[in-house]
């Protein structure tokens, strides 16, 4: 590209100040794809245990029922038959779900011992709960990682996170037969990878994407979690169905291989910020820098302490963290413990279990992507004509200033806070209702309806991405890493409590025990309908827009600086960020 002379810059400065950069195709969209791949690797590493636990732990005989044949015994249901004791009958490796009358199970001398017994681990329900929660223990490291995420190079921080995921998945199959507590340690390492990846990715989003593109970026990038779950659960069920050939160790080895491939892609194609990427165009780099400069923030380069006092007194932060906890709490059941629920209550086979368990994740990904796209369009467009006409007449009657009512209309209809509250309200209400209905359908034997309602629950859960999750990114963009680190560390604590309580309640795997777990989750999911709608906010806090946010010199220099003030205002008024024709990732 030829160098622009000063005279040429004067003639083209207005065009440059108002130029747009489409998100597709663009380097920042490539970065969104690569970040999403990293979340796929994270999801594969965190979700693999849910399916592996079904076939790696020996189920207690008191929760199984059998139907005797001449030459084999077939597991046909999951029932509480504590009277079955005495001699052992070897069953075949397949699991068939079919009606099984109590009359054929009345022999008190029969118990069940599964085939391939050597591949099963004798872990108690409490040990299983601790291993489920180990990942969240590691996620507490997010408090420190989030503090440093805005200072450190995001590319290499995420590379370290990916390395931890690969390491833990590679070693779990070797140490699992030795001790459950060694597995606990390596699952803590998995959680530490999560703790490094999420705040670093959030911080990179604020440096790569202008403000009104961030809802889409958050939904698209974090949607990798659902894609990873969709991939690993069906394959995990298939591996479990063939224990002599693959077995549960193959689930962890496959997760490590996926992480290794994505790590190589990340190292070659990623960059901490636009100015360091070898593919970014000058136009796109200038566009991103200008839009972030308009937001009055940049990457924080000072080494002073974060404004802990301001953070401690920030009501929107407390509200957003509490709403995130209430959002994540039922997802622990619907995503991480779902295969166990399908096995205990619905009696699904390993293959069917893996496929069905992945369906809610598919729905969650679609919901997050569509709702975040819709939120971006809502916040970018002007108020509807009808609403403007109505408020124009109201303003005329009450002698209001035109600038005043147009500002109020924009904030009420398309403001960031109103948009986040709307999506979060609908998402929390729908999630609570669906989670509460699930055990009622499951206990009645209507497996199809239970699966449909769980998918619908995840559709509502996806609305939290343009809701509370976007609010966390927006309230203090210069301190995104710290804010998300605090939020998800608190959520991790409650996830630990959730998994331990759920494992304690579900000791036998009966439908009554699972009903208690689901109803508790439904109550928790409903709470943000009240408090986030009342006190939540997605507006940049006054202390976050100035204190500690010192844009670098190259980020603040743009062609806008030589344009007269009135021309800048006019061009910015006409400049549309992230309209529908710019938002076309396919």
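Cβ atoms are placed via backbone N, Cα and C, with glycine included.
Automated prediction, rather than curation, is the source of TrEMBL annotations.
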Out of 422-441, 542-561, 562-581, which range is noted as transmembrane segment by TrEMBL?
422-441
Looking at 72-95, 96-119, 120-143, 216-239, which one does TrEMBL call transmembrane segment?
216-239
Does the transmembrane segment (251-269) reach the transmembrane segment (216-239), going by 3 or more CB pairs under 8 Å (6 or more apart in sequence)?
yes
Recorded stretches the transmembrane segment (181-204) and the transmembrane segment (29-50) touching, at least 3 CB pairs under 8 Å:
yes
Give the nonlocal contacts of the transmembrane segment (422-441) in its own chain as ranges (CB under 8 Å, at least six residues past its ends).
323, 326-327, 330, 333-334, 371, 375, 449-450, 453-454, 456-457, 459-464, 466-468, 471, 511, 514-515, 518-519, 521-523, 525-529, 532-533, 536
Distal contacts, the transmembrane segment (447-463) - CB-CB under 8 A, six or more residues away:
219, 327, 330-331, 334, 338, 346, 348, 356, 359-361, 363-371, 423-424, 426-431, 434-435, 437-438, 441
